[in-house]
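Undergrad: The annotation repeat 'ANK' is assigned in TrEMBL to 96-120, 206-238, 240-263, 276-299. Under the heading domain 'PGG', TrEMBL lists 432-541. The transmembrane segment annotation in TrEMBL covers 442-460, 480-502, 522-542, 548-568.
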Amino acid sequence: MDNISYMDGELFKAAKDGDMEVLFNKYKGGLDRLLDGQQNTALHVYSTSGGRQVIKKECRSLFSSYTTRSEKEVSINYLEQLLDRCPSLLLQGNARGEIPLHLAARHGNSEIVEFLIKRSKEQYGDLEQMLRMTDKDQNTALHKAVQYFDNLQVVRLLLKEDPTLSNSVNTSGVTPLYLAARRGFFRSVAEILDANCKPMALVGPHGRTILHAAALGGSEQTVKIILERKKHLTKEGDEDGWTPLHYAAHRGHYLLVEALLENDGSAAAYLTDKERGISPLHLAALQGDIDMMRCIISHCPGCVGIVDKRGWNFLHFANVTLHPPYFAYDNRFILNVNDDKDVNGITPFHVARYGPHSSKYSSRPVWDENSSQVAENKVIIYGFSILCKKIEEVLKEISNIEVAGIPVRGFSNTLAATTKGKNNHSTDSYNEREEKIRQTHLLVATLVATVTFTAAFTVPGGYKSDKGTAILSRNTAFNVFVISNSLAFVSSLSAVYTHILISGEKHSTKCYRLFYHMVDPLTGFGMMAMAMAFSTGLYAVLETSLGLAIAACSIGNLFFLIISYAYYKGYGVYLVYENLKWLFTDNFLSVWKSSI
């Protein structure tokens, strides 16, 4: 364009605020040649700003003080003056090919959008030309309306004039409906769906549907709106076979998974991707999301048996990202797949023992006496085995799993830890980790023993000065305190002594494993007994104020609620189960016999 005049600061401010006096007096040339650095005209600038910023006072009630609020004030007169002086501004594009309607729609300036539509009808007698104009990326005004914000009023105005805008596709293969679903703009999604859009509007890039987009965005309301109108999309896969349920499970959106399963999405739980045969349950397991796994299994118990193309079921994956999950032992369907072998003969049990979380169990045998692999692995029946190498090979192959270009969260860290273990490949690194854990347990047990020992001689209520006996000795709560405190002291002191016993043992000996597995139950029991002593001790001295005593006891007993929740989640219960199982088996008997 010849003879371009660029706006200085004063002209730009006048164009933005709609100051006709400054703009028209200072600039006498054609308005189509007055541009800013992005080739925006005065009409572009005003369509973006939405008018002059004004401060308004309002009184909410008779007795309250005035409050102020800021809002935009659109000058229709200014817009008319601009287009009367230069009608071509209406369809003039900027450097990105955007006309003023695009900018007004993007920023949600519905009054300006309404004016521009009306002006186009008057000026050209044909609204279709302006409404269907696109920028350089083939975005229409409807694309712009849902690009960054949920501009519902603008969406309604545009669809009212041309419902077919919902079918327009930009250079990325995205429709306005897909874009709104991806952003989670559920009101605009509902508006566009109700405009009788064609099936092509439901599909986006890479074969993804609007339900895929909503699952990626994580908006529960958007998903529910789509399910109400297009329930069949739950079973639609993208070009790789991933369904919306895959997407929701992959992103960790629990509420979305639940909504999809409850709305005719149960069948989708059995669908797998094309390349690896991964199901939504496999993805939830790869994320290490126990709640998600429980949700899917509760709706579709039969999907626990689905295996990928390598023969891995969800327990294989769960044992990669988690310590062996407790829920694997309280469901009959899950028990059936716990020993399923993949194409290499690897079971979930093997992954639990030789996978990334195997250090706790690295010295325990995997193969039974009837296994055909006993001879091959006899010399390394404790610690890493050939299975470890096979598992690592599988982990490397599945480490690049991506859904919609997004890698599995948390899995890369698991793989890195596994690879690091392979490089060291001796049990020394695992022994070092066990030693650090042991030192932590020793510290906790010592603290509990110290606190309970002190509490035994500074009893609640004090002593009778003449006899030296406890004042509250006949109080029931005090008696419970004494017993609980004694149990806590003995248990924690036993844990400390157990640490002393294993300090001179080699990590690979059965005696070490026996004592190591005694520490957790002893320390845990000591902490619970100490919490009980704390609550009953408070109750004993506050018994005269019953309300306060009950409140104090309730607060103290929150400890039991917290650990119950942790155990319910699986990890704690499984560790207790394993420790007790280890103690009261033939291992215990063999160690006991050897010690005598």
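Backbone N, Cα and C define each Cβ position, glycine as well.
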Undergrad: For the transmembrane segment (480-502), which partner among 442-460, 522-542, 548-568 gives the most CB pairs under 8 Å?
TA: 522-542
Undergrad: Between the repeat 'ANK' (240-263) and the repeat 'ANK' (96-120), are there at least three Cβ pairs closer than 8 Å, leaving out pairs fewer than 6 positions apart?
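TA: By the criterion, they do not touch.
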Undergrad: For the transmembrane segment (442-460), find every same-chain residue at least 6 residues outside the stretch whose CB is under 8 Å from a CB in it, and list them.
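TA: For the transmembrane segment (442-460), the sequence-distant neighbours (Cβ-Cβ under 8 Å, at least 6 residues beyond its ends) are 470, 472, 478, 481-482, 485-486, 488-489, 491-493, 495-496, 499, 519, 522-523, 526-527, 530, 533, 537-538, 540-541.
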Undergrad: Please list, for the repeat 'ANK' (276-299), how many residues fall into helix, strand and coil according to DSSP.
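TA: The repeat 'ANK' (276-299) comes out at 18 helix, 0 strand, 6 coil.
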Undergrad: What is the average pLDDT across the repeat 'ANK' (206-238)?
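TA: Value for the repeat 'ANK' (206-238), mean pLDDT as a whole number: 94.
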Undergrad: What does DSSP give as the helix, strand and coil breakdown of the repeat 'ANK' (206-238)?
TA: 25 helix, 1 strand, 7 coil
Undergrad: Please work out the helix, strand and coil residue numbers for the domain 'PGG' (432-541) from the DSSP assignment.
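TA: Tallying H, G and I as helix, E and B as strand, the rest coil: 85 helix, 2 strand, 23 coil.
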Undergrad: How many of the residues that make up the repeat 'ANK' (96-120) does DSSP mark as helix, as strand and as coil?
TA: 18 helix, 0 strand, 7 coil
